[in-house]
Amino acid sequence: MGSRTLSIGASLDSPDGHFERNHTENSSMVSLKFHEPNGVLDQGHQASSPVRRDVNRSLSGVKFLENDDLDLEDGKLEKDRNKTVRSNKAVKIQNQALLSGLAYCLSSCSMILVNKFVLSGYDFNAGISLMLYQNFISVVIVSILSSMGLISREPLTWRLIKVWLPVNVIFVGMLLTSMFSLKYINVAMVTVLKNVTNVITAVGEMYLFKKHHDSRVWAALFLMIVSAVSGGITDLSFHAIGYSWQIVNCFLTASYSLTLRRVMDTAKQVTKSGNLNEFSMVLLNNTLSLPLGILLIFVFNEVDYLYTTPLLRRPDFWLVMTLSGFLGLAISFTSMWFLHQTGATTYSLVGSLNKIPLSVAGIVLFKVPTSLENSASIFFGLLAGVFFARAKMREKTQS
C-alpha cells in the first residue's frame, strides 16, 4: 500500500497522473463487485453465510494484491519512461553541443580561408573596402533580425557611442591589420603568429589587473614564442611587410581584449537595461566602423583602385565577398551558440584545436611551399596553443 501512495503522490506532478488516479479508482470498483456481485441478493445472504464472507474476504485480498502488483508494475513503467526521457534529453544536449561546435569550427575556418582567397586568390588590393563591406552586411542582418524580434539588442545612444568609440578604433585597426597580414602570409603561419597575442595579453593582465599566472601558463607562452620565431626563420614564403602587419595585429588584438574589460562595465551603466549582449556589441562595433572605414578608404587612396579594378564587375567576386560578410557574422552567432551549449573551458580548447585543421587546409588549398623544419615549427606552435588552453583551464580550476 505504501508503494501505491508513493506512486499516486509522484504521479500528481507528472503528465500521467490522471492515469494513476483512474487506475486506483477502477481497482476499488472491481473489489466492490467481488463483495456485491448481485446487489440485494448478497445483502440478504450476508448474515446467514459466514463462509461466503470469508471467501469474499480472501477474494478481495487476492484482488488487492493484484492491484498492488499493478501499481508496482506501473511504477516500474513510469521509472522506465522517466529514464527514457532523461536519456533522450542527454542525447539531445550532446547533439546540440556537437552541432554547435561543428558550426563554430566551420564558420571560423571558412572565414579566414575565404578572406585569404579574396585577398590573395583574386589579388584584391583593397583590404579596407573588404572590411567595410563585411561590416555593412553584419549591420544590415542584425538590424533585420532585431526588427523581426528574433534577437534583442540595446539601442545606440550618444552616451554609449562616446564610451565605446576608443574600443571601436582598436577594433577597426585589429581587423585591418589582420587583412593586410593575411594577404602576404600563409594561413598556417598567421595562426602560429597569433599565439603571440596570448603572450602580450598575459603581460598586460599582470601589469594592468595585477593578475598572476602559474608556471604552466608561462611555459606554454614561452613555447609559443619559440614556435613563432622558429616558424618565421624557416618560412620559405617569408614576407617582411606581412610579418610587420601581423606583429601590429597581435598588439592591437591584445589591446582590444584588455580595453574591452575596462570599457564593458562603463558601457553597461549607460545602457537602458544595464546589460550589453553579444548582438549589441556586434551592431555597435560594425556600425561605428562604417564612417571610420569610409575615411580610411580615402586616406589610403583605395578609391582610385576601386574605380580601375575589373574585379568589381565580376559576379563571382561579389558572391565571394558577400559570403565572407555572412561568415563574419556567422562566427558571432555560432560562438554564442557553442558557448551556451558547452562552456568557456570547452570553447577555448576547441578554439585552439581548430587551428590545426585550419593550418593544414591553408597549406593544401593555397599550395604553400614549405619545408620539414617549417612544418615542424607550425605543428609545435599549434600544440603550444593547446597546452596553453589546458594550462589556463587548470589555473581557473585552482583559483
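Each residue, glycine too, has its Cβ placed from N, Cα and C.
Features reported for this protein in TrEMBL:
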type	residues	note
REGION	1-24	region 'Disordered'
COMPBIAS	15-24	compositional bias 'Basic and acidic residues'
TRANSMEM	97-119	transmembrane segment
DOMAIN	99-387	domain 'Sugar phosphate transporter'
TRANSMEM	131-151	transmembrane segment
TRANSMEM	163-182	transmembrane segment
TRANSMEM	188-209	transmembrane segment
TRANSMEM	216-234	transmembrane segment
TRANSMEM	240-258	transmembrane segment
TRANSMEM	279-298	transmembrane segment
TRANSMEM	318-339	transmembrane segment
TRANSMEM	346-366	transmembrane segment
TRANSMEM	372-389	transmembrane segment
For the transmembrane segment (131-151), the candidate among 97-119, 216-234, 318-339, 346-366 having the most Cβ pairs under 8 Å is 318-339
In the domain 'Sugar phosphate transporter' (99-387), averaged pLDDT is 90
With the greatest number of Cβ pairs under 8 Å to the transmembrane segment (346-366), the stretch among 97-119, 163-182, 188-209, 216-234, 318-339 is 97-119
Here the stretch out of 97-119, 188-209, 216-234, 240-258, 318-339 with the most C-beta pairs under 8 Å to the transmembrane segment (163-182) is 240-258
Ranked by Cβ pairs within a distance under 8 Å of the transmembrane segment (216-234), the first of 97-119, 188-209, 240-258, 318-339 is 188-209
Taking the transmembrane segment (240-258) as reference, the highest number of CB pairs under 8 angstroms among 97-119, 188-209, 318-339 goes to 188-209
